[in-house]
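The structure appears right after this line, and notes come after that.
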């Protein structure tokens, strides 16, 4: 026995009792108040749901046991009826899915167009607000150009009059 203890100490291992080994795996602190409340609340709920699942399974097994002979007797009628009902349900679900997809696509396009037209309307509004300033600027340029043109016409007229007077003198 002494050899085992020396061998264990040689490799740095300590001999632990099984109780100490289990205690070392447990956390140092106990559960918090919220953890206790969660367990107290959810444990009965989980148990109740487990009982409901068992009752549902039992009811399904009993129902299947009772209905199996009926299914066997009426299978020439029930199989085509089940296929017809299954195809009808599939058709309705597919139609609904296509309708939902179409509506969501149309809503996306409508929102996209609203954003675009909103930006266009905002830009148009800004341009309309800038228009009076631009009109005033254009009016001033026309007046300046007219004044300059009038001055230039007056100068050309005076030069022509001088030229005519000089030719008349000669």
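Placement of Cβ uses the backbone N, Cα and C atoms for every residue, glycine included.
Those TrEMBL annotations? Automatic predictions, nothing curated.
Keep in mind the model is a prediction, meaning the values are calculated, not measured.
Annotated in TrEMBL:
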REGION    1-25  region 'Disordered'
COMPBIAS  1-16  compositional bias 'Low complexity'
TRANSMEM  33-53  transmembrane segment
TRANSMEM  60-79  transmembrane segment
TRANSMEM  85-110  transmembrane segment
REGION    132-170  region 'Disordered'
COMPBIAS  156-170  compositional bias 'Polar residues'
Positions on the same chain near the transmembrane segment (33-53), where near means CB under 8 A and six or more residues out: none
Tally of residues which DSSP labels helix, strand or coil - the region 'Disordered' (132-170): 38 helix, 0 strand, 1 coil
